[in-house]
Amino acid sequence: MLDPSQANALVYSTLCGFMLIGLWAGYNTKNKREFISGVRTQSAWVVTKSMLTADMSSSLLQSYPQLALIPDAGLLGLGAYAFATIAPVWAFGYFGPLIRRVCPDGFTLSEYIRRRYGWPIGVFSALVFIGFMFCFMIVELNTYGSILATLQPNIPHINIIGPLIIAITTTIYTAYGGFKASLWTDNFNAVCVIVLIIIAGVMFGTRLPIDHAKVEESGLLHAQKLGGELWYILPVSITFAQMFNQGFWQRAFASKNNKSLYLSVALASLPLFAICFLVGMAGPLAQWAGVQYAPYMNPDDDTDDGSNALFKALRVMPNWVNGIVLVLAGVLSSSAYDTFQSAQISVIESDFFLGRLNIWWCRLILICLNVPCVALASINIDILEVFIVADLAALAIVPVAFLGLIPALYFFHGFDVVVGGCGGFLTVFVFGTIFYRDAKQGGALIGMPDGLYVSDYSVLGAFFAAPLGGLGFGLASCALRLGALYLFSKMTGRPFTALDRKHIDANDCVLPEDRPAAFFGLHGTGNPEDGRRLDDRAPDLKANTAEFHTPLHASGRRNWLGFRRGSSDTHVEADTKSLEAREDERGFEHEHERGFEHEHERGFEHEHEHGFENEHDLEQPQEHAWASQDAHAWPSQEHAWPSHDANTDVQPWADSHLETPNTHASHLRAAPPLSAAQAPGTGTQIL
């Protein structure tokens, strides 16, 4: 055991060191895109190291050795747990590119849900994700506190002081530097974790006195029924539960392209599996060395569940190995906690308040979230049941939500997702009632009162019932909804439009009613930044650059108390300029990129007669968008360009709702330059 002064020095220096790294990253944060998401900005090597550390936490030092000590699981169960750790990485590598087709500039799962199924479900999902990550934060602080109390029981209140320091240091640099600060610390932490685990692993392998008679006696090397079941239960539950962790989505979408994402997944998988399996082996090694009993088999402590097996093995190690584990715990906790914090502030700003709340208010909300986290972590609240229910919720909801990624199911509605999620829970209840022949026990199965590691097939059946029930109820809801709409159209004589494919790009919609995603008539304008994060001319990368490129991120004039569009007054000022002034400033240099996607809003009542009936369809490739320039593909002057009325100063297309025109061009078709015969007449502005 380390001297208290040595332990305190290691804890404080480790956490403060990472805080300085995060502050330096925040100092180099140039714009809001880097602060919130860093979408499509990082190389494969950077994302690899970030995924490596984001998928681990201080619970690595407790949960993996504990599982390996369970007689019915053993090394087979440990292998399932290590595989379940890399399974989410593969899932993000698979679903990430699919979601990018729907949201090329997106960076969270709730944004995909919002832009695919409508803003009501999107905002609700954001609230669920915030709550789930809040629970993650509590568990992380609680785990770190218990590790410190186990390693250094001679330091009073170390289980409270340690989590408090973690919360303070990570909050300072994540509130200041956002996602970029978390990314930089992750990359530094990855190197530290690998080096420290290699050193500690060598010491465990050489210093522990293994009794070979206990190796066979323990039965941990044998194949067991529970160990086999865990190869389905753990990968499925952890994978879909991690879908609620928006920090993973941030890292997946931060990769420059899909190729970089695939490479990051491949590079992170092998070391991640090796690290988790190596740390988990501390449990069996401690039992074989005679310093740890099987779970709940300790005659001196009937509450010993095996979670402290690694720390008990440290008793036969030199003190400097204790110091390495102490630093390792701080590195893992700070890396995991700042991942949750950066994800929280991004979801709060972009998905819950839809970009309409000042970023400083989002930072304040993040600080307020840490207060109950530290308080609940200090009283050792048991939140495992919440996570088990969340695992089932993820299994019931996420698969049915991903049905929206299938192009053939373009008619799948947000209502069907809600029904599918509820149906998943109902299916678990029905299965439990049949399995136990008792409705009360069937309902209790949703909360998994006996945990995941049980001797019967109840947990395995529940984890099959939730996704299958969710998918079944979701598809059944879709079929019944379409049938009801068809009967309604026949009875009323109205056209049946439920199966009409809508070729509308949400990025180019101006009015709420133009949005393709709605929920029973509730239309939302979404986040004003949707579809614009990859545009080099977006206000975020122009007007707000000076705001972020300062030591304190506060050089610009701010609206401290307003719920205004964007995150600062500079953004609002850029949006409230007159249309003519903005066009004059840009020199009309980008009018050919906008493709005149809103001619119907500028007075062209008869554009469909001149070949513009598919103008709103932006799905076709850019190189084929303007394949011909004949009279039908490019309208003549007298029909397409209304002349200026000498008796009025109002242009025919000067509509009041065009005060914020669509100016992003990276995803739009490029119109050909106008010839002299096609150019509008004198006094007509080109918009």
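The backbone N, Cα and C atoms fix where each Cβ goes, and this holds for glycine too.
Residues or ranges marked as compositional bias 'Basic and acidic residues' in TrEMBL: 566-622. Taken from TrEMBL, the feature region 'Disordered' covers 559-687. The annotation transmembrane segment is assigned in TrEMBL to 7-27, 73-96, 117-139, 159-176, 188-210, 230-249, 261-283, 360-381, 387-410, 417-437, 457-488.
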Contact between the transmembrane segment (387-410) and the transmembrane segment (188-210) (at least 3 Cβ pairs under 8 Å, separation 6+): no
Between the transmembrane segment (188-210) and the transmembrane segment (261-283), are there three or more C-beta pairs closer than 8 Å, counting only pairs 6 or more apart along the chain? yes
What stretch in 159-176, 230-249, 360-381, 417-437, 457-488 has the biggest tally of Cβ pairs under 8 Å against the transmembrane segment (73-96)? 230-249
Quick tally over 159-176, 230-249, 360-381, 417-437, 457-488 of CB pairs under 8 Å to the transmembrane segment (7-27) gives the top stretch as 159-176
For the transmembrane segment (261-283), give me same-chain residues lying six or more residues beyond its boundaries with a C-beta closer than 8 angstroms to one of its C-beta atoms, as numbers and ranges. 44-45, 47-49, 51-52, 55-56, 60-61, 64-69, 78-79, 81-83, 85-86, 89-90, 92-93, 96-97, 193-194, 197, 201, 204, 252, 255, 292, 306, 309-310, 313
With contact taken as 3 or more Cβ pairs under 8 angstroms (pairs 6 or more apart in sequence), are the transmembrane segment (159-176) and the transmembrane segment (360-381) in contact? yes
Among 230-249, 360-381, 457-488, which stretch has the most Cβ pairs under 8 Å to the transmembrane segment (417-437)? 457-488
